[in-house]
Amino acid sequence: MLEGKMADINFKEVTLIVSVVAACYWNSLFCGFVFDDVSAILDNKDLHPSTPLKTLFQNDFWGTPMSEERSHKSYRPLTVLTFRLNYLLSELKPMSYHLLNTVFHAVVSVIFLKVCRLFLDKRSSMIAALLFAVHPIHTEAVTGVVGRAELLSSVFFLAAFLSYTKSKGPDNSIVWTPIVLTVFLVAVATLCKEQGITVVGICCVYEVFVAQGYTLPMLCTVAGQFLRGKGSIPLSMLQTLVKLIVLMLSTLLLVVVRVQVIQSQLPVFTRFDNPAAVSPTPTRQLTFNYLLPVNAWLLLNPSELCCDWTMGTIPLIESFLDVRNLATFAFFCFLGALGIFSLRYPGDSSKTVLMALCLMALPFIPASNLFFPVGFVVAERVLYVPSMGFCILVAHGWQKISNKSVLKKLSWVCLSMVILTHALKTLHRNWDWESEYTLFMSALKVNKNNAKLWNNVGHALENEKNFEKALKYFLQATHVQPDDIGAHMNVGRTYKNLNRSREAEASYMLAKSLMPQIIPGKKYAARIAPNHLNVYINLANLIRANESRLEEADQLYRQAISMRPDFKQAYISRGELLLKMNKPLKAKEAYLKALELDRNNADLWYNLAIVYIELKEPNEALKNFNRALELNPKHKLALFNSAILMQESGEVKLRPEARKRLLNYVNEEPQDANGYFNLGMLAMDDKKDSEAESWMKKAIKLQPDFRSALFNLALLYSQTAKELKALPILEELLKYYPDHTKGLILKGDILMNQKKDIPGAKKCFEKILEMDPSNVQGKHNLCVVYFEEKELLKAERCLVETLALAPHEEYIQRHLSIVRDRISSSGIVEQPLAPADKTPGTEEREEIPSEDVKEISSESRPPQILKTNNNRNSKSNKQSTENADQDAPHKTTKDIKEIEKKRVAALKRLEEIERILNGE
């Protein structure tokens with residue numbers, strides 16, 4: 001009997017299997033994150049150490065809360081946990097993820113060899129394991145990182161089955177430890193991927209037809225006798241029944257828990273994901289049945305593989321006269337013949353065929369649309385476990401053929417060719433997964449009727465900023481599938497990126513017109529993929545660039561919200577718009593509503609902080625910045641802007657934290673000069689002159705024309721008695737910004753006081769007055785130049801005019817008195833001193849300090865409103881053509897105020913001026 005066969009394998013066999021896997025998949029280590037990997041890895045915050053572990057058990061495979069309708073309801077927390085371990089080791093470097101996938105595939109192949117030993121002889125089981133290890137259909141499961149769900153689930157799937165095979169003791173007694181272990185392993189397999197639960201069916205078939213050796217006729221005979229009262233159920237059959245009941249009850253419990261996890265809701269898919277699922281009878285049934293031979297053909301002939309089989313890949317079968325129905329008929333005839341053979345006849349061969357069929361059929365049931373529609377037409381990676389049964393069937397058939405001496409050599413040649421060609425195909429197929437562009441271009445070679453593939457190639461080109469070429473692919477997608485809302489949205493977004501706003505709006509309007517019309521009393525969520533509602537967001541984001549259409553944009557946001565009150569992105573985008581419309585209180589309401597829907601979104605807390613800045617509530621703004629950083633300690637804009645807010649507050653106790661955040665910011669953004677500049681400003685506030693100099697130099701090195709960094713470095717030199725070092729810095733500043741008033745003032749002061757270059761200083765001050773005749777500081781300093789040139793009357797007249805501009809400046813009055821005293825003592829005849837054009841008090845002017853002050857960076861990044869992209873519910877975010885635009889205008893707050901407080905160096909400068917005027 002099969003159950004009596006040894007399942008042991010030796011080290012040489014393990015080494016051979018592992019070596020073959022390594023030879024086939026070594027090049028997968030050089031592939032990146034593509035297709036579904038983007039959503040599951042790059043965009044999944046559950047991988048980050050800052051996310052609590054319990055969140056893994058509350059969210060789906062893609063990081064979306066299971067309670068949200070946009071969730072795919074794919075509950076695989078243990079798989080996500082392995083991704084998190086990868087992230088802990090290498091963050092987002094893809095090589096470690098691909099390496100672990102390859103290791104898992106090798107482990108599955110070795111365990112599969114052990115399972116094969118239960119049904120096949122040593123040679124045939126090795127052949128089955130080798131066929132499984134090299135089969136090209138597995139490329140998507142192994143080279144695609146998200147395929148780890150299949151790999152992990154298969155490990156525990158096979159382990160559970162092997163455990164169950166040990167549940168039969170002497171004299172047909174029940175050994176409970178393996179059964180308990182089986183139930184545990186089934187639960188673990190199911191937490192890796194849902195199809196893990198189907199191993200229970202495999203165990204039941206094994207128990208009845210292999211372990212107990214029953215055939216279908218025997219079972220019918222016993223059942224008939226029992227029902228007629230002519231016999232009783234044998235003890236062995238009762239023991240079998242007990243084991244089956246335990247398995248069934250445990251399975252039922254797992255199903256109940258799984259249903260509770262998804263809150264009795266199925267995911268929402270569009271008709272583009274699985275067209276047959278929304279087709280009428282008999283189209284739906286004919287197409288679903290035809291998909292079975294399609295999947296079988298992929299196992300038999302994996303020459304044309306495609307990463308995406310949705311949309312128009314397989315045209316619907318709408319008539320019984322469709323020739324493809326012959327393939328369905330032939331498939332069921334072959335399957336039926338094998339089924340009858342395996343169930344009717346005793347013997348090892350029939351039991352091997354039966355177990356192979358069960359391994360092919362039962363794990364495929366969740367993806368078969370039998371009980372519920374799925375979000376794809378064909379998916380190669382779901383064939384990972386079913387291919388085990390296929391490989392057993394092929395190996396068993398080869399064993400039968402090779403036993404005939406006439407065909408023995410030919411069978412070996414054919415088998416060797418199959419294994420070699422499959423291995424080479426797998427190796428070559430891995431390169432297709434190197435990047436998104438190579439992957440989707442390879443798919444288009446197989447299938448040109450899938451609009452999603454055209455869209456995805458467009459996305460890949462879009463990511464490379466090749467918008468012109470991307471547009472061609474997006475337009476082709478609309479031609480292949482004219483009613484694809486997402487394709488039209490992609491066209492609109494690309495037109496926008498090409499600054500062709502009129503065409504962009506037309507494309508968005510066309511996409512909007514394809515949305516289902518209002519049906520009273522019917523929820524939109526039940527009929528529309530949530531991402532399709534982003535057409536309202538994208539259209540509003542486009543038209544709000546026109547100041548006269550802000551209300552129209554707001555109407556679109558409100559329309560989206562009315563259709564889905566839980567549409568978080570609509571609240572976020574509307575909040576941005578309301579800030580632009582100078583309605584911060586309403587913007588605050590919008591963000592608070594969004595936070596009700598997602599309190600763990602760091603970007604939302606950041607945006608709310610910006611609103612509080614607009615409302616002039618810096619303390620509340622800082623609290624919200626802090627909340628954003630609690631959720632995401634590396635949130636770059638929150639680090640930067642909260643540090644600036646602390647710096648502006650003037651509170652000395654906040655400076656260390658501000659410095660810490662800026663240091664974290666420059667670690668995250670080492671090429672951003674603003675971070676170094678603001679560190680320099682903090683150091684200047686703390687009188688750490690050498691440190692300030694170092695930070696300013698780093699900022700200037702990264703951005704040679706950084707106006708504020710250049711000026712403040714020059715100012716720092718002037719305040720630390722290094723005026724001559726300041727001059728070349730000022731020359732550089734004025735080369736880029738020849739009208740920089742403060743730079744001209746500082747340069748003039750240094751030329752006059754340090755270089756004694758009176759004409760040079762005079763040119764600086766005169767240029768200031770050419771640009772701004774009312775500049776008090778420039779005019780006052782020009783008066784000092786006149787005094788230095790011994791033009792006392794001119795100096796007096798100049799000071800009178802300056803006093804008219806700033807009548808309350810005591811130092812100007814004092815300097816005027818000094819000049820007049822000098823005129824009197826020198827005996828110069830005094831001319832009438834009427835103000836030049838203005839008299840004091842005739843015009844109200846801004847009071848301008850006479851001393852140099854620090855200039856706060858005008859290049860320093862203003863606070864920005866962040867847009868939050870939550871379009872993960874299409875597993876392929878690249879294909880998720882419905883994404884809201886990423887480049888909406890950023891909302892800025894008022895420019896950061898200049899620091900007006902007088903500094904010690906400025907006081908020294910004033911003393912120097914008075915010393916000159918006193919003739920000392």
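Glycine is no exception: its Cβ is also placed from the backbone N, Cα and C atoms.
Under the heading topological domain 'Cytoplasmic', Swiss-Prot lists 1-14 (among others), citing a curator's inference as support.
Note on the transmembrane segment (15-35): residues 41-42, 92, 94-95, 97-99, 101-102, 105-106, 109-110, 113, 126, 129-130, 133-134, 142-146, 307-308, 423, 426-427, 430-431, 433-436, 439, 456, 876, 878 of its chain, located 6 or more positions outside it, place their CB under 8 angstroms from a CB of the stretch. For 15-35 (among others), the entry in Swiss-Prot reads transmembrane segment, with the evidence type sequence analysis.
Beyond its flanks by at least six residues, the transmembrane segment (95-115) meets 7-9, 13-14, 17-18, 20-22, 25-26, 28-31, 33, 41, 82-83, 86, 89, 125-126, 128-129, 132-133, 138, 141-143, 145, 147-148, 151-152, 154-155, 158-159, 161-162, 388, 391 of its own chain at Cβ-Cβ distances under 8 Å. The feature transmembrane segment is assigned by Swiss-Prot to 95-115 (among others), with sequence analysis given as support.
Per-residue pLDDT, averaged along the topological domain 'Cytoplasmic' (116-125), amounts to 93 for this model. Summarising the annotation, Swiss-Prot assigns topological domain 'Cytoplasmic' to 116-125 (among others).
The transmembrane segment annotation in Swiss-Prot covers 126-144 (among others) and is backed by sequence analysis.
Among the features that Swiss-Prot reports, transmembrane segment is placed at 145-163 (among others), with the record citing sequence analysis.
Sequence annotations record features per position, and here Swiss-Prot assigns topological domain 'Cytoplasmic' to 164-171 (among others). Residues 3, 7, 118, 178-179, 182, 203, 206-207, 211, 243 of the same chain, all 6+ positions outside the topological domain 'Cytoplasmic' (164-171), place their C-beta atoms under 8 angstroms from a C-beta of that stretch.
When Cβ-Cβ distances below 8 Å are used as the criterion, the transmembrane segment (172-192) is approached by residues 75-79, 149, 152-157, 159-161, 163-166, 199-200, 203, 212, 235-236, 239, 242-243, 246-247, 250-251, 254, 258 of the same chain, each at least six residues removed from its ends. The annotation transmembrane segment is assigned in Swiss-Prot to 172-192 (among others).
Long-range Cβ contacts of the transmembrane segment (199-219) within its own chain (Cβ-Cβ under 8 Å, at least 6 residues beyond either end) map to 1-3, 157, 160-161, 164-165, 167-168, 172, 182, 186, 189, 236-237, 240, 243-244, 247-248, 250-251, 342-346, 350-351, 354-355, 358-359, 362-363. The transmembrane segment annotation in Swiss-Prot covers 199-219 (among others).
The topological domain 'Cytoplasmic' feature in Swiss-Prot is assigned to 220-236 (among others). Sequence-distant neighbours of the topological domain 'Cytoplasmic' (220-236) (same chain, 6+ residues past either end, Cβ-Cβ under 8 Å): 172, 212.
Proximity of distant same-chain residues to the transmembrane segment (237-257), defined by a Cβ-Cβ separation under 8 Å and at least 6 residues beyond the stretch ends, is recorded for 167, 172-174, 179, 182-183, 186-187, 190, 197, 200, 203-204, 207-208, 211-212, 222. What Swiss-Prot lists as transmembrane segment is 237-257 (among others).
The transmembrane segment annotation in Swiss-Prot covers 326-346 (among others) and is backed by sequence analysis.
What Swiss-Prot records for 347-358 (among others) is topological domain 'Cytoplasmic', and it gives a curator's inference as the kind of evidence. Non-local neighbours of the topological domain 'Cytoplasmic' (347-358) in the same chain are 1-2, 119-120, 201-202, 205-206, 209-210, 215, 335, 338-339, 341, 389-390, 392-393, 396, 400; each lies 6+ residues outside the stretch with a CB under 8 Å from one of its CB atoms.
Residues annotated as transmembrane segment in Swiss-Prot: 359-379 (among others). Outside the transmembrane segment (359-379), and at least 6 residues removed from its termini, the chain residues within Cβ reach (under 8 Å) are 72, 140, 157, 194-195, 198-199, 201-202, 205, 266-267, 269, 273-277, 288, 291-292, 294-295, 298, 309-311, 313-314, 385-386, 388-390, 392-393, 875.
As annotated by Swiss-Prot, transmembrane segment applies to 382-402 (among others).
The DSSP breakdown of the topological domain 'Cytoplasmic' (403-409), given as helix, strand and coil counts, is 2 helix, 0 strand, 5 coil. For 403-409 (among others), the entry in Swiss-Prot reads topological domain 'Cytoplasmic'.
Only residues 6 or more beyond the boundaries of the transmembrane segment (382-402), in the same chain, are considered here, and those with a CB under 8 A from a CB of the stretch are 112, 115-116, 119-121, 123-125, 127-129, 131-132, 135, 137-138, 141, 147, 150-151, 153-154, 157, 195, 295, 298-300, 349, 352-353, 355-361, 363-364, 366-367, 408, 411-412, 415.
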